[in-house]
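What follows is a single structure, written as structure tokens, with notes after it.
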């Protein structure tokens with residue numbers, strides 16, 4: 001109880017029907033997410049032709065999504081069943097830490113996937129090919145940096161507390177302490193705004209390169225008096241373009257999933273009177289649904 005902010009005490013308990021709905025949602029998303037990401041990992045790791053440096057990033061993305069749902073799914077089922085957080089203050093902090101860690105790792109892995117597509121499509125032969133060593137370094141960087149940032153609340157820079165709905169835990173966005181708020185400012189930049197800017201930058205040039213390539217193919221085909229010009233190299237480039245579209249879709253879905261949680265944090269800091277326990281549900285509902293999207297997108301590819 002000492003971890004629950006006084007702001008939440010002014011609200012009556014949530015409608016009891018919300019908890020069965022959350023249970024159903026978690027079951028519908030949890031099982032497909034675990035199965036989908038496990039299959040993605042298994043297929044990429046056991047199929048020799050898919051063991052490329054770029055696909056190491058895909059495997060890491062599936063791994064972080066799998067671990068997110070694996071660690072979030074059971075506690076959410078338990079707390080929804082009991083209508084409150086029953087797993088103690090220590091596990092509340094661990095739960096919030098793991099959710100942030102795997103979420104942060106996922107977004108930076110997708111940023112690296114986007115940057116790899118940028119390198120292949122925009123720079124082409126002039127770009128340095130992604131090697132296994134470089135892919136492993138990117139993956140290690142995503143985990144180490146994410147772990148560092150997400151560990152900060154354990155050392156007094158912000159803290160992990162129960163959400164207003166008492167079925168999950170997250171960062172303390174209701175504290176008025178300047179040090180605590182500074183963590184949310186920096187974390188928002190690191191996990192949301194910086195990846196967003198990098199992604200937009202890469203895709204602006206990717207789209208330009210794809211458009212220029214397709215126009216060149218059409219013009220060349222017209223000069224030769226044929227409907228299309230698709231040699232082996234063109235087919236390879238077309239495949240790279242399809243992969244770029246898949247990566248762009250995945251990143252877009254990630255930002256759609258995490259934007260509500262970001263907004264909840266900022267509303268909690270600057271306009272808490274508009275924030276009720278029911279609204280806090282949508283933040284992690286969208287965030288956890290993100291872990292389901294990625295295996296679906298990559299399965300289609």
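Quick reminder: no glycine exception, Cβ is built from N, Cα and C everywhere.
Annotated disulfide bond per Swiss-Prot: 92-169, in sequence order. Look at Swiss-Prot and you will find 165 tagged as N-linked glycosylation site, backed by sequence analysis. Sequence annotations record features per position, and here Swiss-Prot assigns N6-(retinylidene)lysine to 288. Residues or ranges marked as topological domain 'Extracellular' in Swiss-Prot (evidence: a curator's inference): 1-18, 79-92, 156-182, 268-278. Residues or ranges marked as topological domain 'Cytoplasmic' in Swiss-Prot: 44-55, 116-134, 205-245. Under the heading transmembrane segment, Swiss-Prot lists 19-43, 56-78, 93-115, 135-155, 183-204, 246-267, 279-300, citing similarity to another entry as support.
Structure coloured by features recorded in Swiss-Prot.
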| residue | record | Cβ contacts under 8 Å, 6 or more apart |
| --- | --- | --- |
| 92 | disulfide bond | 3, 85, 160, 161, 162, 169 |
| 165 | N-linked glycosylation site | 14, 18, 277, 278, 280, 281 |
| 288 | N6-(retinylidene)lysine | 26, 29, 68, 69, 72, 76 |
Three-state secondary structure, which DSSP defines for residue 288 (N6-(retinylidene)lysine): helix
Interface check, the transmembrane segment (279-300) with the transmembrane segment (19-43), three or more C-beta pairs under 8 A: yes
Close approaches to the transmembrane segment (183-204) from elsewhere in its chain (Cβ under 8 angstroms; 6 or more beyond its ends): 103-104, 107-108, 110-111, 114-115, 117-118, 122, 149, 152-153, 157-158, 171, 173, 244, 248, 251, 255, 258-259, 262, 265-266, 269
Average model confidence [pLDDT] within the topological domain 'Cytoplasmic' (116-134): 85
Considering the transmembrane segment (246-267), which listed stretch of 19-43, 93-115, 135-155 counts the most C-beta pairs under 8 Å: 93-115
Other parts of the chain folded back onto the topological domain 'Extracellular' (268-278), taken as Cβ under 8 Å at six or more residues beyond its ends: 7-8, 11, 14, 18, 163-166, 173-174, 181, 184
Structural state of the residue listed as 'N-linked glycosylation site', classified by DSSP into three states: coil
Residue counts (helix, strand, coil, in that order) that DSSP gives for the topological domain 'Extracellular' (1-18): 6 helix, 0 strand, 12 coil
Secondary structure composition of the topological domain 'Cytoplasmic' (116-134) [DSSP: H/G/I, E/B, coil]: 14 helix, 0 strand, 5 coil
Non-local residues, at least 6 beyond the ends, that sit with Cβ under 8 Å of the topological domain 'Extracellular' (156-182): 3-5, 7-8, 11, 14, 18-19, 22, 75-76, 79-80, 83-85, 92-93, 95-97, 99-100, 261, 264-266, 268-269, 272, 275-281, 283-284
CB contacts for residue 169 (disulfide bond) [other CB atoms within 10 A, all chains]: 25
Three-state secondary structure, residue 92 (disulfide bond) (per DSSP): helix
Outside the topological domain 'Extracellular' (1-18), six or more residues from its ends: residues with CB under 8 Å to it: 83, 89, 92, 159, 161-162, 164-166, 172, 174-175, 272, 275-278, 281
DSSP-assigned states of the topological domain 'Cytoplasmic' (44-55) in counts, ordered helix, strand, coil: 9 helix, 0 strand, 3 coil
Secondary structure tally of the topological domain 'Extracellular' (268-278) (DSSP, helix then strand then coil): 8 helix, 0 strand, 3 coil
